[in-house]
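In what follows, a single structure is set out as structure tokens and then discussed.
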Amino acid sequence: MSSSLWLQCLQRLQEELPSAEFSMWVRPLQAELNDNTLTLFAPNRFVLDWVRDKYLNSINSLLNEFCGNDIPTLRFEVGSKPVSAPAVPKQTAADVAAATSAPAQLQARQSVHKPWESEGAGPVAADLNHRSNVNPKHKFTNFVEGKSNQLGLAAARQVSDNPGTAYNPLFLYGGTGLGKTHLLHAVGNAIVDSKPDARVVYMHSERFVQDMVKALQNNAIEEFKRYYRSVDALLIDDIQFFANKERSQEEFFHTFNALLEGNQQIILTSDRYPKEINGVEDRLKSRFGWGLTVAIEPPELETRVAILMKKAEDHQIHLADEVAFFIAKRLRSNVRELEGALNRVIANANFTGRAITIDFVREALRDLLALQEKLVTIDNIQKTVAEYYKIKMADLLSKRRSRSVARPRQLAMALSKELTNHSLPEIGDAFGGRDHTTVLHACRKIAQLREESHDIKEDYSNLIRTLSS
């Protein structure tokens, strides 16, 4: 009974939760049913407290659904039960194995002869069966999913399954180091893996400009056009670098149109929303929005922890949960910063032979942590929010309850919880001596509104970017 009941719960939770969240917190739980009491065993106190805090209501709801009137009492314990609980089957390693395929295939993905790069270049048709510059290490299987990138990942998967027909073009935008480039490569690899003769080209926008200049210098612009207009998928990173390059924009405009007419996939990334890219023609910006435009947000706490745990696992390093949380709570801006910090911690541990503890991390990252703590303060958050919403600081800290003041105040409280290490009572004190329960309510309300309101989600993301830059 316990096996089938908990397996039902696991399967439903796996459907409802981001994969990184499920794998980290729910999958390790074991279950035992005795005397109508369902005991869930967690590997340590940290996981137990987290599960009970975050998922208790969801688990109780599922038990109510599956058991009707005969609902078992739910208990939590640290440890493991005598007999192993059934596990949800893990994803296969087929995609990961593909990343270590034959050297010839790797070379084909990473290099390609471009016929306009030398004088007297001939037709390009013979050179099109390649996977140009697609990095085989970046797959969907090693992309850590979270609420911040869930829509972007889902769209990228759809495009890789149906290139040229689902979301064309796909435009991903967001700050530096959030995973946009990883998704570009993942799409390229997925297309190539399902169709080995697909012609997929990944490049930075500056490389497109450089290629066009070489083609003009070598009197080979027609070869350049045929090359780029004959690919099955064109993946261009950092499209904002086309700004103020009129000839490049002109050529890309015609290439863009030709690819769309041929149902060939286009994926673009930028550090900002298409209409906010200065120096790019309106006709191009309009076309960028013809398909699907998706924001990639800075990772939330749970995703940052999952990223650290995944990277530590890749390095075959054990990283304790509390250490991962210590790092994730203090480094919030992007994935690249997290990975760089973890690499520094691992290098220091290897050099010194010391265990990776919170004290060790505090020492290894002291300059980085000091900078972060100096950059983001509650006072800074309050001033930024007040300026963003064009309200007075005095009103933000007052007892006024009108929505024009209360909502920015709640946002500022939620941001203070997210971006600083202050406790709820300390945050409450900073907002006019409010109780910690008021701060907790504000955090929960903003979390709810970010799911329901596009405007609140956009405001929150804009403020995060401003405060983290």
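Glycine is no exception: its Cβ is also placed from the backbone N, Cα and C atoms.
Since this is a predicted model, take the numbers as computed values, not measurements.
So that you can see what the record holds, here are the features copied from Swiss-Prot:
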| type | residues | note |
| --- | --- | --- |
| BINDING | Gly177, Gly179, Lys180, Thr181 | ATP binding site |
| REGION | 1-90 | region 'Domain I, interacts with DnaA modulators' |
| REGION | 90-132 | region 'Domain II' |
| REGION | 133-349 | region 'Domain III, AAA+ region' |
| REGION | 350-469 | region 'Domain IV, binds dsDNA' |
Sparsest-packed of the listed binding-site residues (Gly177, Gly179) - C-beta count within 10 angstroms: Gly177
Packing count at Thr181 (ATP binding site) (other Cβ atoms within 10 Å of its Cβ): 20
Composition by DSSP (helix, strand, coil) of residues within the region 'Domain I, interacts with DnaA modulators' (1-90): 46 helix, 17 strand, 27 coil
Number of helical, extended and coil residues in the region 'Domain IV, binds dsDNA' (350-469), per DSSP: 92 helix, 0 strand, 28 coil
Mean of pLDDT values spanning the region 'Domain IV, binds dsDNA' (350-469): 88
Environment of Gly177, Gly179, Lys180, Thr181, the listed ATP site - residues of the same chain whose CB lies within 8 A of the CB centroid: Gly174, Thr176, Leu178, His182, Leu183, Thr269, Ile296, Asn334, Val335, Arg336
Same chain, 6+ residues apart, C-beta under 8 Å of the C-beta of Lys180 (ATP binding site), given in sequence order: Gly152, Leu172, Tyr173, Gly174, Asp237, Thr269, Ile296
